[in-house]
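Quick look at what TrEMBL lists:
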- 154-188: repeat 'PPR' (REPEAT)
- 216-250: repeat 'PPR' (REPEAT)
- 350-384: repeat 'PPR' (REPEAT)
- 421-455: repeat 'PPR' (REPEAT)
């Protein structure tokens, strides 16, 4: 952990140097740093500041689960000790922290036991926090009962109830409540927009967005995120370009939109824009997570290495999420030693990190490492998923271990209740084909519970080329032509099968078909022809 900065000046006011530093760390999503800075201020003999405490408490739920509740309880005791529990700002922040970390009944009891003499504002804050807790738990009846009996309600109460109803699918009730609101702010409109998006009603969300009398950046981010989930990258980009003032979270939303929808180059382009001198927005962990994902998609190791170094230069620490993203990048780029170093440095290894490593080992033929990692995750009681088995099957396929691959493939459904995907079938078909078991591979394809993709037929066609099986090759090639009629590679493979069998008339006929369909031979491919 980095040493705290040397901050000149004291005091506990809203704009004191220490308070500003704590709030900045909290706003950047760096809870450990916020706690560290607050403790450093106390060690420097500065009096406790309610505003700094509020910032620290708001960031506590971002800590790992095992540490967050301990931190909240410790800060709760600290508030009692220094006499700041009744101050509205830290009390509201404590209510928020407990509502995120405890079940509703426990959270309410903790607050009431800890603060028996709350004034009216603090009581409203506690009620709002309990209301939010009910809504997060999906207990709409309890939330509505509390809302209807609250002695006082503010705009936060109304916003929470509207958002909760909308998210739960009670859109008509949410709209009715929205129309009854005595006052609205941007968050009120955002709540309803978010509800429409949660129910997949993007058109209604956009209509409401355009009607909003006032928008904040959250309004724009909410709609951009909605388009991201729907895969409508162009609509998200149009919104982004309409914005006059873009903060870090807006840039992050757009980078994530591109990265999550397979537009890796565009994601890196937006990242470069935000670093331009006339723009210069300091990236955070979220930014780098999306950027590293884009690098992985492109296999751009050089830019990925620069990103890792740049993170250090701007003070972003490698948390488990970023380490896992880098593991994915390095495994795909063949830098397995570096990937293992990062993986072993994880505080907590989960399904995603194990699967990324196993897939990397599978891609690069590291069978013993893949099997060892699979055993390690099983010993840690982490159940595999479909991605895990892609890596494990690839490792067996690279090693040519047919029986082990068969057993692994069978265990997916029998032991782990995972339905094999087209990708799993493709690996097995490829291995069967390379092993000369062409008929078995063909029968496996015919028994697939889903329609076979061109990738599966293509793997078998390659095996027909390898073993020069003309009869089956013609059948398989016809399937490939049907699924991807513009792909010349299948014609080349069939042509090579004919040429190897010296069926020159069929070679000529296939060439004529390619000419008639406007297809040309792929560069670097050739058919053997003996005059």
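Cβ atoms here come from the backbone N, Cα and C positions, even for glycine.
Automated prediction, rather than curation, is the source of TrEMBL annotations.
What you are looking at is a predicted structure, and each value in this text was computed from that prediction instead of being measured.
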Response to the item:
Counting only residues at least 6 beyond its ends, the same-chain positions whose CB falls under 8 A of a CB in the repeat 'PPR' (216-250) are 186-187, 189-190, 193-194, 197, 200, 202, 205-206, 209, 256-258, 260-261, 263, 266, 281-284, 287
Response to the item:
For the repeat 'PPR' (154-188), the DSSP helix/strand/coil residue counts are 26 helix, 0 strand, 9 coil
Discussion item. At a C-beta cut-off of under 8 Å, are there same-chain residues at least 6 beyond the repeat 'PPR' (154-188) that contact it? List them, or none.
Written reply: 124, 127-128, 131-132, 134-135, 138, 140, 143-144, 147, 194-196, 198-199, 201, 212, 214-216, 218-219
Item to complete: May I have the DSSP-based helix, strand and coil counts for the residues of the repeat 'PPR' (421-455)?
Response: 24 helix, 0 strand, 11 coil
Discussion item. DSSP on the repeat 'PPR' (216-250): how many residues come out helix, how many strand, how many coil?
Written reply: 27 helix, 0 strand, 8 coil
Worksheet item: Could you give the mean pLDDT over the repeat 'PPR' (350-384), rounded to a whole number?
Response: 95
Worksheet item: Counting each residue once, how many in the repeat 'PPR' (350-384) are helix, strand and coil under DSSP?
Response: 26 helix, 0 strand, 9 coil
